[in-house]
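K.L.:
Quick paste of what TrEMBL says about this protein:
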- 31-464: domain 'Major facilitator superfamily (MFS) profile' (DOMAIN)
- 21-45: transmembrane segment (TRANSMEM)
- 97-117: transmembrane segment (TRANSMEM)
- 124-142: transmembrane segment (TRANSMEM)
- 148-171: transmembrane segment (TRANSMEM)
- 183-204: transmembrane segment (TRANSMEM)
- 210-229: transmembrane segment (TRANSMEM)
- 295-314: transmembrane segment (TRANSMEM)
- 326-344: transmembrane segment (TRANSMEM)
- 351-370: transmembrane segment (TRANSMEM)
- 376-399: transmembrane segment (TRANSMEM)
- 411-431: transmembrane segment (TRANSMEM)
- 437-460: transmembrane segment (TRANSMEM)
Amino acid sequence: MPTLDDILEHVGEFDRFQKQTFLVLCLLSASFTPVYVGVFFFGFIPEHRCFSPGVAELSQRTVPLGPCRDGWVYNSPGSSLVTEFDLVCEDSWKLDLFQSSVNAGFFIGSINIGYIADRFGRKFCLLTTILANIVCGILLVFVPTYLWIVIIRFLQGLVSKGCWTAGYILVTEVVGPQYRRTVGILYQAAFSVGLLVFDAIAYAVPHWRWLQLAVTLPTCFFLLYYWCLPESPRWLISQGKNEKAMKIVSDMAKKNGKKMPSHFKDIQFEEDDCGKQNPSLMDLFRTPQIRKNTLILMFNWFTSSVLYQGLIMHMGMDAENMYLDFLYSALVEFPAAFIIIVTIDRLGRRYPWAVSNVVAGAACLATALIPEDMHSLKVVAACIGRMGITMAFEMVCFVSTELYPTYIRNLGVMVCSSLCDIGGVLVPFIVYRLVEVWYNLPLIVFTVLGLTAGGLVLLLPETKGRVLPETVEDVENFHRQSAPKAKKIYLHVQGSEV
């Protein structure tokens with residue numbers, strides 16, 4: 001029985017139409033970097049001392065404990081939130097609140113924006129969140145008070161992650177099955193490219209407000225996506241909008257220079273329930289297989305976030321040059337993407353994913369056990385851990401899209417990825433509080449999380465070579481299928497069932 005993936009085989013699985021969509025969405029992925037890791041540069045803490053009239057060289061460490069009455073002096077050529085609002089000593093918690101606000105926005109937006117994308121479409125979600133992100137980014141440049149900065153930062157987090165994830169869903173839904181994993185990995189690799197670009201811009205523009213403006217203004221061009229991007233034909237089918245879906249497929253064939261087969265021109269898609277499916281949060285837990293997938297994916301999103309950000313924080317506590325440290329942490333992500341691409345079609349999804357989690361956990365344990373005087377070896381072990389968790393992070397993204405039916409795919413990914421945001425809120429406390437007990441204790445916590453996540457991955461069904469599931473029944477029967485197929489979409493050619 002023909003499916004949408006069968007049609008893509010004739011009109012192009014990854015030809016000119018899909019490549020254009022992929023490239024413009026990669027720009028969107030790269031632009032998400034300043035929101036996710038912006039605090040690294042917006043809130044950098046330079047060397048500082050309490051100013052005392054007549055004692056110009058008095059250092060912070062030599063002054064008596066107590067409030068700094070005459071203000072702080074910073075040894076920095078640029079400016080940050082810390083230098084502008086004196087977020088040091090008794091006010092240092094305000095910098096943590098700044099970062100927590102964007103993660104709180106990620107968490108709330110994960111569910112709400114996911115619902116919008118599944119209810120009103122991927123393209124509508126992208127355009128509205130892009131516009132909201134631009135407005136928030138520009139407002140951050142001009143608001144004068146710390147409180148308003150935190151509020152706007154929260155609003156920016158509310159829409160920006162949903163925008164990134166909606167783009168991820170769209171790019172995987174317009175390509176054929178054999179290209180989904182490649183475009184999914186490269187879409188995330190574009191985020192890594194964004195890390196390098198952001199690092200270079202931050203080095204050239206060391207003043208945080210001008211830096212915020214420099215990374216926001218180019219995103220105004222993303223509003224042109226109204227004309228550049230298609231709606232997802234899979235989403236249109238799931239909503240019963242068959243004519244619009246076939247029009248996009250026809251445009252796809254035309255742009256790809258392919259001729260639509262005559263027996264596909266009058267195809268009509270029809271769901272068994274003959275109705276429009278509206279996503280619901282309970283759909284993620286109502287049936288046994290989807291419930292198991294949801295719980296395991298939630299834990300893996302949480303673990304990936306804690307280990308990914310935690311290793312950066314733990315390695316950066318003794319940083320001497322923040323620009324070089326940021327560069328090193330970005331470069332290690334490219335080999336991770338390459339390893340996934342060359343192994344995933346040979347070994348499937350589950351085993352490389354499980355191994356990457358286990359490697360990350362084992363590397364964290366090795367880093368904790370290596371003596372302090374063997375610093376170079378500790379750095380190597382930590383980099384291996386960072387590479388492993390980067391692989392796990394990239395795989396949890398695209399495997400999540402393959403384990404949910406179309407009508408709740410975006411909602412499922414958003415809800416599961418919300419645990420990533422909870423991990424982002426908790427990881428500073430895990431790192432900076434546990435090091436006071438034992439410097440390497442956070443690494444032991446990372447080890448337990450990584451090994452547990454690797455074991456749970458093996459309980460998920462293998463999705464290698466499968467078509468994207470369209471219905472709940474497809475997911476429930478996933479582990480029983482011996483060959484890729486979709487059961488619930490029927491194709492009618494001029495009134496005759498195919």
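Here the Cβ of each residue, glycine as well, is placed from N, Cα and C on the backbone.
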K.L.:
When each of 97-117, 183-204, 210-229, 376-399, 411-431 is checked against the transmembrane segment (295-314) for Cβ pairs under 8 Å, which one has the most?
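P.N.:
The listed stretch sharing the most Cβ pairs with the transmembrane segment (295-314) is 411-431.
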K.L.:
Does the transmembrane segment (183-204) come near the transmembrane segment (411-431), with 3+ Cβ pairs under 8 Å (pairs 6 or more apart)?
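P.N.:
Per Cβ check, the transmembrane segment (183-204) does not touch the transmembrane segment (411-431).
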K.L.:
With contact taken as 3 or more Cβ pairs under 8 angstroms (pairs 6 or more apart in sequence), are the transmembrane segment (97-117) and the transmembrane segment (411-431) in contact?
P.N.:
yes
K.L.:
Counting only residues 6 or more past its boundaries, what in the same chain has a CB within less than 8 Å of a CB in the transmembrane segment (21-45)?
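P.N.:
Tertiary neighbours of the transmembrane segment (21-45) are 14, 76, 80-82, 87-88, 95, 98-99, 102, 126, 130, 133, 156-157, 160-161, 163-164, 167-168, 170-171, 174-175, 183, 186-188, 190-191, 193-195, 197-198, 202, 208, 211-212, 215-216, 218-219, 222, 225, 228-230, 322, 326.
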K.L.:
With a Cβ cut-off under 8 Å, give me the same-chain residues at least six positions beyond the ends of the transmembrane segment (376-399) that come close to it.
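P.N.:
Beyond its ends, the transmembrane segment (376-399) has Cβ neighbours at 168, 172, 180-181, 184-185, 188-189, 297, 300-301, 303-305, 307-308, 311-312, 314-315, 328-329, 332-333, 335-337, 339-340, 344, 349, 352-353, 356-361, 363-364, 366-367, 370, 413, 417, 446, 450, 453, 460, 463.
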K.L.:
Count the Cβ pairs between the transmembrane segment (148-171) and the transmembrane segment (351-370) that lie under 8 angstroms and are 6 or more residues apart in sequence, then report whether there are at least 3.
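P.N.:
No; fewer than 3 Cβ pairs under 8 Å.
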K.L.:
Express the predicted model's confidence over the domain 'Major facilitator superfamily (MFS) profile' (31-464) as a mean pLDDT, rounded to an integer.
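P.N.:
Averaged over the domain 'Major facilitator superfamily (MFS) profile' (31-464), the predicted model reaches a pLDDT of 82.
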